[in-house]
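Per TrEMBL, these features apply:
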type: TRANSMEM; residues: 38-56; note: transmembrane segment
type: TRANSMEM; residues: 91-110; note: transmembrane segment
type: TRANSMEM; residues: 130-149; note: transmembrane segment
type: TRANSMEM; residues: 161-182; note: transmembrane segment
type: TRANSMEM; residues: 188-208; note: transmembrane segment
type: TRANSMEM; residues: 360-382; note: transmembrane segment
type: TRANSMEM; residues: 388-408; note: transmembrane segment
type: TRANSMEM; residues: 420-436; note: transmembrane segment
type: TRANSMEM; residues: 458-483; note: transmembrane segment
């Protein structure tokens with residue numbers, strides 16, 4: 001049988017991602033929206049719990065302090081998500097914690113002025129106040145670069161080709177928080193990963209009438225099943241004689257959050273005391289803020305694709321960064337020991353569920369605020385073993401990475417210039433941070449080791465971020481290499497995004513990104 005000519009035609013370019021059931025402005029019915037919002041809340045809990053679990057014990061805090069920090073993180077994340085979805089990018093982005101800020105935060109914790117304190121609680125309070133001061137200083141950087149326009153000028157020259165490494169490594173660069181965490185309790189983590197994969201990919205095709213139930217709520221089904229299985233293992237005494245590390249990773253009663261949490265507690269600013277400021281700490285945290293800004297831009301671009309929206313205009317990216325800075329400022333006020341940033345895993349969930357609705361994310365923000373106040377109930381959900389959350393993230397991080405690779409449809413893959421920019425930036429983006437991390441693991445400090453701790457932290461935090469390194473290399477090469485050639489503009493996909501540079505000149509973009517009320521007379525750049 002002869003092949004049709006259409007069989008050999010390339011797939012057409014799609015300015016908006018077509019495989020979405022509910023796009024940014026078309027919400028599902030309310031009952032479904034509530035369930036999807038709760039699912040988003042459940043997904044973001046993994047990072048929210050993991051970050052305080054890493055930091056609080058090093059600060060000298062116990063279970064009570066960790067429970068309060070988690071509540072603060074949830075509360076600020078809920079407020080920041082509402083701000084971002086209503087006044088920022090207006091995309092379905094969940095704001096959560098960020099691993100990018102761990103390096104400068106740990107550097108503050110291990111500084112000489114705190115390590116010498118004998119009383120653990122006193123050390124925790126003083127360390128927290130120092131972190132708050134550095135976070136507040138870092139927020140100023142993002143607010144200025146977002147609202148005052150510098151970031152809008154920078155991303156105006158961002159092409160689809162330069163965006164590919166940034167978006168791809170925003171997901172792929174988090175591989176250390178995927179299967180390595182699953183393997184810490186493989187008898188729980190691996191079944192989670194396999195069950196989620198089967199429920200979300202295979203079952204919907206076998207049971208067509210219930211397809212929506214399984215592929216849209218697969219996380220909501222998987223987590224309770226594996227959590228119950230882990231609880232049975234815990235109560236049956238399987239881990240009674242295991243090592244402390246195994247018990248911590250596998251048992252469902254090892255987190256210590258439920259007993260340490262109060263029934264009702266409303267987080268409030270400066271609950272640990274007045275923040276203290278140190279110039280070195282502030283500059284190091286600003287460097288992390290710069291790396292987070294690049295990673296966040298990649299996550300925002302991925303969210304726009306998975307919400308079936310048009311390309312994000314530079315002014316909207318800049319506006320989103322500004323409001324993200326406001327979220328970071330709130331993190332400093334409330335004392336979260338971390339900073340706010342778009343959640344990569346929740347962005348991946350948009351693709352898994354095929355729902356990119358803004359309403360769903362706003363409902364998830366309400367859940368965050370609600371459970372941050374009702375401490376016991378929030379702590380119950382937060383006590384889910386981390387390998388279960390890591391197993392879910394393995395799939396969700398992959399969705400974001402694949403969304404970045406999907407931007408290659410706008411580029412000419414038969415161009416050697418495209419192959420150079422893409423291949424070199426991806427390779428360097430993976431290789432350089434891996435070198436920095438391996439050096440840190442062996443030597444106990446980063447490759448840059450001078451008497452000035454702040455300078456060391458600035459260099460080490462920037463070059464430990466895969467998305468940041470890849471984005472800087474790709475952006476520099478794409479904006480300088482053979483740019484005078486007329487074919488270069490088409491090879492890099494510039495013409496596909498050029499018409500969306502201003503959302504006010506395109507009806508579709510205005511529908512997605514315009515503010516619900518007019519602020520242009522006060523802020524013309526919006």
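In case you wondered, yes, glycine gets a Cβ from its N, Cα and C as well.
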Proximity verdict for the transmembrane segment (161-182) and the transmembrane segment (458-483), three or more C-beta pairs under 8 Å: yes
Proximity verdict for the transmembrane segment (188-208) and the transmembrane segment (388-408), three or more C-beta pairs under 8 Å: yes
Closest-packing stretch to the transmembrane segment (388-408), where packing means Cβ pairs under 8 Å, from 38-56, 360-382, 458-483: 38-56
Residues of the parent chain within Cβ reach of the transmembrane segment (360-382), under 8 Å, 6 or more residues beyond its termini: 27-28, 33-34, 36-42, 44-45, 48-49, 67, 70-72, 74-75, 77-79, 81-82, 85-86, 92-94, 255, 257-258, 260-267, 346
